[in-house]
Amino acid sequence: MNLLIMGLPGAGKGTQAAKIVEEFGVAHISTGDMFRAAMANQTEMGRLAKSYIDKGELVPDEVTNGIVKERLAEDDIAEKGFLLDGYPRTIEQAHALDATLEELGLRLDGVINIKVDPSCLVERLSGRIINRKTGETFHKVFNPPVDYKEEDYYQREDDKPETVKRRLDVNMAQGEPILEHYRKLDLVTDIEGNQEITDVFADVEKALLELK
């Protein structure tokens, strides 16, 4: 089974990806892990990626696409299938993935899209606060400190509501064309992500069992 998982930051995509891998035994292919492995193994694309990263530059699409292709060509993929997580990030990468899969004789079986209302995600992501003295992390709503005093806590710039909203807007602008592309191919299953983790996975599992 060859899968792609999508969802906005904070939607719980990583949690569900781990559960899918555990339950279905597919190879988990996350962008970060792929880059680290390619650089550690000094593959052709890994060396290229490292040359950009060492200079503090963005890795071009053709290198990222090349690293994905190297990983998808490995033996375990044909045997176990895969779950792509964090790629493609742009419609151009989605088209490159289509070409790679065709070249390798593989096909995508389904796209799981974890949907959560953006306003809920802003609350989830912007509630994180850090204790100035201990460095402990809490959440204003989901894990509040017992003795909360505003002056004892601070919030990282990345966690402020306006920053979170901007990040979500960018992700939505990039993600929508990708989802639309896969919807036209009748590959997308939308999963309601604003429920308990176990309930989300029950819906994911049901959708995947129907694909088998």
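Using the three backbone atoms N, Cα and C, a Cβ is placed for every residue, glycine included.
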Range among 30-59, 180-209 that Swiss-Prot annotates as region 'NMP': 30-59
Quick one: of R89, R128, R156, which of the binding-site residues has the smallest count of other CB atoms within 10 A? R156
For G14 (ATP binding site), which DSSP three-state class applies? helix
With DSSP assignments reduced to helix, strand and coil, which class does T31 (AMP binding site) get? helix
Based on DSSP, tally up the residues of the region 'LID' (127-159) by helix, strand and coil. 6 helix, 10 strand, 17 coil
